Ligand SMILES: [Mg+2]
């Protein structure tokens, strides 16, 4: 497909769409705003992925940057909403990527070291399921003392950071000065400590308001610790490494489906996969045309193909 413009699959002759379906063996699909909105499935999305598996033998993986649920919890949601997946191994989530990363790290010793989590309880559950001890998730740091007393009490002994092998940042409704302080202290006291984040999506946009995402939290800690967090979500191609190592997919024969240009199409480009952008999130065809007309970049992000919604593929399968 041409990268010069945005190709709407609905504008192509049916035979050409059928031919395009033969260009990939594996589909990796984003979840939020591509397959579902919260707990409501987007019409036709499950039918398309189920039929691509059943009729054409395609391999299907779901991928998300949502770090507020474990991989098992995302798998359970997919089952409730009608997606036919054999097991949670078909889900790629930041929490499971974090576990994979720590297990394979030469510097992290899960028997002796703990993880400090600035984030929600799902990260703790995923780590705990893998036998990795963590602390800090899902609750505020000490609130009953002044911050000066907190710093004096918590950081004045050498043991405050010594057994912490990783700081993990995720979406955290209890984010605070004291959490930033502890993360900063650990990361600067121990240069070998891993610094991971579920994703760097800085803002969650809704029609009526924009609110901070994980990227905003992690940026504050990066600034004070003077270290850069490693992203355990899209668009970092590292996320695909477990599948690539297991030869589960060939990126040249893999289609990435998503609703977000900066995250999903960028991820496809970083990994060498082709991309299908769906209009059930923030980007519709008109938005893409406007962005292209405005863009001064020499190599602007453009999906290979576009559909108003994934379910529009049904007539071709
Ligand atoms: Mg999405």
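Cβ coordinates are placed from backbone N, Cα and C, and glycine is handled just like the others.
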**Asked** For the Mg(2+) site that TrEMBL assigns to 30, 32, which of 250, 259, 294 is also named?
**Response** 259
**Request:** List nothing but the one residue from 30, 32, 259 whose Cβ has the fewest other Cβ atoms within 10 Å; the candidates are the binding-site residues.
**Result:** 32
**Request:** Could you state the whole-number distance in Å separating the C-alpha atoms of residue 32 (Mg(2+) binding site) and residue 204 (substrate binding site)?
**Result:** 12
**Complete:** What remains of the binding-site residues 30, 204, 234, 259 after requiring a CB under 6 angstroms from ligand 1 is 30, 259
**Which of 204, 234, all binding-site residues, has a Cβ with the fewest other Cβ atoms inside 10 Å** = 204
